[in-house]
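*Asks:* Structure incoming, see below.
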Amino acid sequence: MYKSAVILAAGKGTRMKSALPKVLHKVCGKEMVNQVIDTLRKSDIEDIDLVIGNGAEEVKKATKDTHVLYSIQEEQLGTGHALMCAREFLEGKDGVVAVFTGDAPLITSETVKDCIEFHNKGEYKATILTAIVGNPFGYGRIIRDENGEVKKIVEHKDCTPEELKVNEINSGMYCFDIKELLNNLDKLNNNNSQGEYYLTDIIELLKEKGCKVGAISVNPDEIKGVNSRGQLAEAEEILRLRINERHMENGVTLIDPKNTYIGTDVEIEEDTIVYPGNVLEGKTVIKKGCVLYPNSRIKDSVIESGVEIQSSVILESHVGKNTTVGPFAYIRPESKIGEGARIGDFVEIKKSTIGNGTKVSHLTYIGDAEVGGGCNFGCGTVVVNYDGKTKNKTIIGDNSFIGCNTNLVSPVEVEDNTYIAAGSTITKKVQEGDLAIARAKQVNIKGWVAKKGLKK
């Protein structure tokens, strides 16, 4: 059966107190609306329509790579009105449409699949996702008849004292038979205190026609919406622990899961150990047997097997097998570090290639450079890559030794098996096998301190 989905993402999110549209606030490194889209894709949903309004262009930009369609809700006149705005997307389709909200990022693909299966097997015209909660205050209640079938949804403010005792709540997420939904959308009215068109009224219309309406109860955490910064933090914590549990089940050791921050799309292979305080973001891939000591940030990078990283930042880069990084190293985008290399403390690498076995142990800047294997950089080496207008390239051959406090003024080439004397400023090509010394000859002026009256 054909399966489609509509995501309601037009709300202003006033309680967030933010210029950013609510659905674009991130949970575990990804916008809430993109979390929902990803979940629906994993649920074999064929077409997805995003109903947008507030900050529409920003939402489009953030979701441009997700292959969703868009419907515009110029005025936010309720959830029923949002489905009216998606009418063009729904017309001509047969089957089931799942309706979700863009501010509920905790729903899982397993739950979506279960809901659709429940809907189809029961031959329901509408299915409501519900949850049993300890404190149902503020939520619409699911009222069932003596046979356990859904009778109606009653908003909290309209509940009788007996109905207030019901702790099964409406999540605001549904599955509908598309044709029945379309047949009833125009029957909605806004004769209520808010002057809005409520999607819950569709349930009542269907029941009046004698249509079957079902309800499936799910984990309360999955239906939690985000309307405030506090709820955003709560969703972050729930999803973070869910992600961390998945990695541990796959053979990753997390020393302190509550204080380890791993993004939704991060991949980690078995026998890697992650200490607390690490932040792994984007499309990062950590291969087997790595050790990430406390307090590193790694984003959109590939870390090969056997790497050790201490308190460092690695962005959009590649680190080869059995390399050590840090503490306090900064590897900037488009860098590639070879195998068995050493990138030490207070070293910054930018848009450079570092060969296998090369050691850059401390207090060094390498930018826009191609460095061979087996090299050694002394403390305080700087690749002077910027002339005030252009970023220039430096090439350093294999097995070269760069002495302490050396400036390599780009563009410049240092060939294989060369030595650069400490304190040199290199501006010309150094031939293979040569020693380059580029510093003034030392001069000692006898008795100078006494002559200047500086002797103590």
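In case you wondered, yes, glycine gets a Cβ from its N, Cα and C as well.
Taken from Swiss-Prot, the feature UDP-N-acetyl-alpha-D-glucosamine binding site applies to 8-11, LYS22, GLN73, 78-79, GLY140, GLU155, ASN170, ASN227, ARG332, LYS350, TYR365, ASN376, supported by sequence analysis. Taken from Swiss-Prot, the feature Mg(2+) binding site applies to ASP103, ASN227. Swiss-Prot lists 230-250 with the feature region 'Linker', giving sequence analysis as the kind of evidence. What Swiss-Prot lists as region 'N-acetyltransferase' is 251-456, and the listing cites sequence analysis. Swiss-Prot lists HIS362 with the feature active site, proton acceptor. Swiss-Prot lists ASN385, TYR386, ALA422, ARG439 with the feature acetyl-CoA binding site.
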*Asks:* What residues elsewhere in the chain lie close to the region 'Linker' (230-250), defined as a C-beta under 8 angstroms and at least 6 residues from its ends?
*Replies:* 16, 25, 27-28, 32, 35, 105-106, 221, 224, 257-258, 260-264, 266, 268, 270
*Asks:* On the 0 to 100 pLDDT scale, where does the region 'N-acetyltransferase' (251-456) sit on average?
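*Replies:* Here the mean pLDDT over the region 'N-acetyltransferase' (251-456) amounts to 98.
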*Asks:* Calculate the distance in Å between the alpha carbons (Cα) of ALA422 (acetyl-CoA binding site) and LEU8 (UDP-N-acetyl-alpha-D-glucosamine binding site), and round it to a whole number.
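*Replies:* So the alpha carbons of ALA422 (acetyl-CoA binding site) and LEU8 (UDP-N-acetyl-alpha-D-glucosamine binding site) sit roughly 64 Å from each other.
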*Asks:* Can you tell which of the recorded positions ASN227, HIS362, ASN385 lies nearest to GLY78 (UDP-N-acetyl-alpha-D-glucosamine binding site) in space, using Cα positions?
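*Replies:* Going through ASN227, HIS362, ASN385 one by one, the closest to GLY78 (UDP-N-acetyl-alpha-D-glucosamine binding site) is ASN227.
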*Asks:* For LYS22 (UDP-N-acetyl-alpha-D-glucosamine binding site) and ASN227 (Mg(2+) binding site), what Cα-Cα distance in Å is obtained after rounding to a whole number?
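*Replies:* Computed Cα spacing between LYS22 (UDP-N-acetyl-alpha-D-glucosamine binding site) and ASN227 (Mg(2+) binding site) is 8 Å.
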*Asks:* Spatially speaking, which of the binding-site residues ALA10, ARG332, TYR386 is closest to HIS362 (active site, proton acceptor)? Use C-alpha to C-alpha, please.
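*Replies:* That would be ARG332, nearest by Cα distance.
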*Asks:* Spatial neighbours of ASP103 (Mg(2+) binding site) among the binding-site residues LEU8, GLY140, ASN385, defined as Cα within 10 A: which are they?
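*Replies:* Taking LEU8, GLY140, ASN385 one by one, the ones whose Cα falls within 10 Å of ASP103 (Mg(2+) binding site) are LEU8.
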*Asks:* Compared by Cα position, which of the binding-site residues LEU8, ALA10, ASN170, ARG332, TYR365 is the closest one to ARG439 (acetyl-CoA binding site)?
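*Replies:* The smallest Cα gap between ARG439 (acetyl-CoA binding site) and any of the binding-site residues is with TYR365.
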